[in-house]
Structure formats: C-alpha cells, structure tokens
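Working notes, structure below.
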Amino acid sequence: MNAHRVRFQYFLVPLYFSSPYALNLGNDMHDGSSFCSILVHLQSCSAAHLRYFSQANQLSAESLKSFANQLKEKCNNVLVMAGAGLSTPSGIPDFRSPDTGLYYNLKQYNLPYPEAIFDLVYFEQDPRPFLTLAKELYPGGKYHPNLGHHFIHLLHKKGKLLRMYTQNIDGLERLSGIPEEKLVEAHGGFSTASCIRCSKKHDPHKTREDILQGKTVYCDRSFCKGLVKPDIVFFGEALPERFWLHEIDASLADFLIVIGTSLEVYPFAGVADAVQFNIPRLLLNRTVVGSFGYRDHDAILSGDITEGIKSLASALDWTTELDELVRQYEQLN
C-alpha cells in the first residue's frame, strides 16, 4: 500500500495534465469546489492505473497482435532496455538469489558485504573475488546468447533497432551479433580494460588471457603499477559517456521494449520514463516493475521471458527468421 501511495504522488502531475480538467480550467482554479473535483478525478484516474498495475494484466493474444502490428508496420526506432533477466536463460545466475546467486558463490572470500566485489577500494585490497567473477563471466566462455538476445539482433537486422541499453556486463549482446554502435553497455563490459589508478587503456585480449590464467594484471607504466581490470563500472565510478545518448534516443524512440530488469537502479531505470508519453511501451518480465501500467500505451507480458519472446515473435510472424538466426549462431559456435 505504501508503494501505491508513492506511485500516486509521483504520477499526480502527468495524470492531471492528461485529464479533461487540464484543457479548460479558466478561473475555476480559484474555486475550491472545482479544485476538489479535480482531485477526485485524479484519484479515480490513479485508482484505475493502480488496479491495472496491481493485477499485472497479461496481454491477450489479440492485444499482443495489435501491439506487434504497430511495431511491425509503424515503428523504426525501437529502444530496448535489458537487465539480468535477459541473461538468466543463458545459465548466468543473478547476483542476489540465495544459494545460487553470484554473490553467494563468492562466499569463500568472506566479503565484508556482497557488493564489495564492485568496490574499488576493496578491489585494491583484494582483487581475487572480482577476478574470479570475471573468469566466470568472460564472453565466449561457458555462456552463450539466448532467444532474447537473438530477437534483439533480429530487430536490428530488420532495421528497427534504434539502440539497446543493457545493464548486463556479460557481453552476450555483442556475441549475438548486435553491432557496437547499436549498443550501450550502461554498466560497462569486458571489451576494454584500464588501469584503475592512471586510467591507461590496456589490451583487452591480453588482459583476458591473464585473468583466465588466474593472474592479477598490473599497469605497465613504471611510475604507476596500478591494478588493471575490464571496464566494468564499479560503485562510485561514472557511467560510460555513451550512456548519455539516451537523452537523444529517448526523444527519437517510437517503441520501447523492456526485458528482465527491476527498473530500480538509477539512472538506468529513468530511461523507461524518459521516452515520449504517447509511444507504446512493452514489458517482458516476471513481475510488473517501474511505472509500467500507468500509461495508456503500456503492455505487459509477465511470466517466463523466453516464452514472452516466443509469443512476441509469433505475433510479429518472425518465428521462422528468429529460429534461423539461432541456428546460424549455433553453427558458428
């Protein structure tokens, strides 16, 4: 209930300006009864949105087909946002799940707190936990893109992908074939490496080889000798400059797809609300998150993400092409 109160306050202004009262108030704003009627109207609007949000309504096949037709026929600037839920079907555990999460698997190092693995000060004191995680996640190792990654690649091949913003550091988007210029890895990745002290760029391929061999990598500048790591964003570090492309992309997007994220980590989560209010927004996630359900053009496919991708591909009549992309990747890898 408290969360609903917060959401009501947050969406009070947008709901007001979308209401009929915003169109012709005139001097009635000085009339207390009129203002009260506005509030009553806002509460009724909000309640309707909250009911939709609370129920996490599943799209009917007919509604999904309508959404898919709009994407297929009218939209050529699709913005995609993705989080850890996109990668879990590839076998990558999330960070916080009890007994299976990546934090749990690092308990042998007696981290003072789980997030210390991404703390620069702690990394300088003991780089082993992060390097162990890096060995596990390096692209091209044990994990491969899944149907969701291939679907986004297909969006690109269809000429519809404006940009993909990902919170994931596993590099599976690149492996699936999505080109670098279409990607924004908001929390960094393994494609580059730098010294944490002097910021000198180091060969990412050699850094990878050394880390996979269990070595700690140091800067080759004689006056520095700081630790070198892949350019994954640690706590307190600035996001990559490319992330701020979203300020332009959000205004250009004509369709938003959000996959497998809690939309709780900012500023990444704010991109979902930065897109224009009148464009379709589609959420594929186990649960309803963020502001989804509050806009007239929102749609939600809750439940298993892979099944959601299959349903969307089917509604678009892209199943055969998607299956072919998967087959091509598997032949090459």
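Every residue gets a Cβ built from N, Cα and C, even glycine.
Nobody curates TrEMBL annotations by hand; they come from automatic prediction.
In TrEMBL this protein carries:
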type	residues	note
ACT_SITE	HIS187	active site, proton acceptor
BINDING	ALA84, GLY85, LEU86, SER87, THR88, ASP94, PHE95, ARG96, GLN167, ASN168, ILE169, ASP170, THR261, SER262	NAD(+) binding site
BINDING	CYS195, CYS198, CYS224	Zn(2+) binding site
DOMAIN	57-319	domain 'Deacetylase sirtuin-type'
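Taking each Cβ in turn and tallying the other Cβ atoms within 10 Å, the top scorer among the binding-site residues ALA84, LEU86, ILE169, CYS195, CYS224 is LEU86. Counting only residues at least six positions away in the same chain, the Cβ atoms of ALA82, GLY83, ALA84, ALA186, HIS187, THR261, VAL265, PHE268 sit under 8 Å from the Cβ of GLN167 (NAD(+) binding site). Here THR88 (NAD(+) binding site) is positioned 38 angstrom away from CYS224 (Zn(2+) binding site), judged by their C-alpha atoms. Neighbour counts of Cβ atoms within 10 Å were taken for the binding-site residues THR88, THR261; the minimum is at THR88. Between THR88 (NAD(+) binding site) and CYS195 (Zn(2+) binding site), the C-alpha separation comes to 30 Å. Calculated from their C-alpha atoms, the gap between CYS195 (Zn(2+) binding site) and ILE169 (NAD(+) binding site) amounts to 18 Å. For CYS198 (Zn(2+) binding site), other Cβ atoms within 10 Å of its Cβ number 12.
For the recorded Zn(2+) site, residues CYS195, CYS198, CYS224 set the reference point as the centre of their Cβ atoms, and the other residues of that chain within 8 Å of it by Cβ are ILE196, ARG197, SER199, LYS200, CYS219, ARG221, LYS225, GLY226. Cα of LEU86 (NAD(+) binding site) to Cα of CYS198 (Zn(2+) binding site): a distance of 34 Å. Distance noted between the C-alpha atoms of CYS198 (Zn(2+) binding site) and ILE169 (NAD(+) binding site) is 23 Å.
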